[in-house]
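One structure below.
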Amino acid sequence: MAPAWSFLLSLLLLSCNAICSLGCHLPHTHSLANRRVLMLLQQLRRVSPSSCLQDRNDFEFLQEALGGSQLQKAQAISVLHEVTQHTFQLFSTEGSPATWDKSLLDKLRAALDQQLTDLQACLTQEEGLRGAPLLKEDSSLAVRKYFHRLTLYLQEKRHSPCAWEVVRAEVMRAFSSSTNLQESFRRKD
């Protein structure tokens with residue numbers, strides 16, 4: 001899982017750097033929304049991560065699949081949008097653990113939906129300026145495959161509480177990195 005984590009960190013660094021340098025500036029509230037998503041994801045935890053160590057998995061989120069350093073800055077916001085969209089869909093599935101607090105899950109979905117709205121506004125503005133979609137097909141396919149692997153993993157594990165804990169932790173690390181990096185770039189500006 002270490003290679004996946006390091007790649008996610010690299011991707012989010014590129015994404016946050018790009019977001020800070022695009023003509024479309026996401027409001028400070030976007031960083032606060034990331035923190036809210038993190039808080040809600042943390043509150044959803046019902047299983048001790050240490051009891052799920054045998055269920056950990058490497059979801060193969062490869063740097064080459066998304067173009068790595070080849071990813072243009074303007075495309076990073078598209079990647080972030082696609083990741084947020086798939087996260088929303090993942091946590092909207094019927095297989096969500098019954099042990100999760102429904103009101104927390106609803107709040108998480110609402111927070112993700114607000115982020116999608118903010119990101120979509122930036123995408124629309126950037127695509128209008130450039131006249132073409134920002135996300136390369138390879139990047140889009142890599143994100144879809146990654147989330148497909150998460151979904152298959154949940155199905156293979158029959159949506160067990162430990163499987164959801166592994167997926168929840170994977171998503172939480174991504175949002176944590178995103179929040180920290182956005183704030184560090186904001187301080188530099």
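Glycine is no exception: its Cβ is also placed from the backbone N, Cα and C atoms.
Positions annotated as signal peptide by Swiss-Prot: 1-23.
When secondary structure is read from DSSP and collapsed to three states, Cys122 (disulfide bond) falls in the helix class. Sequence annotations record features per position, and here Swiss-Prot assigns disulfide bond to Cys24-Cys122 (among others).
Per Swiss-Prot, the feature disulfide bond maps to Cys52-Cys162 (among others); the stated evidence is similarity to another entry. In sequence order, Val47, Ser51, Cys52, Gln54, Asp55 are the residues of the chain that are 6 or more apart from Cys162 (disulfide bond) and have a CB within less than 8 Å of its CB.
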*Counting other CB atoms within 10 A of each CB, which of the disulfide-bonded residues Cys52, Cys122 comes out lowest?*
Cys52
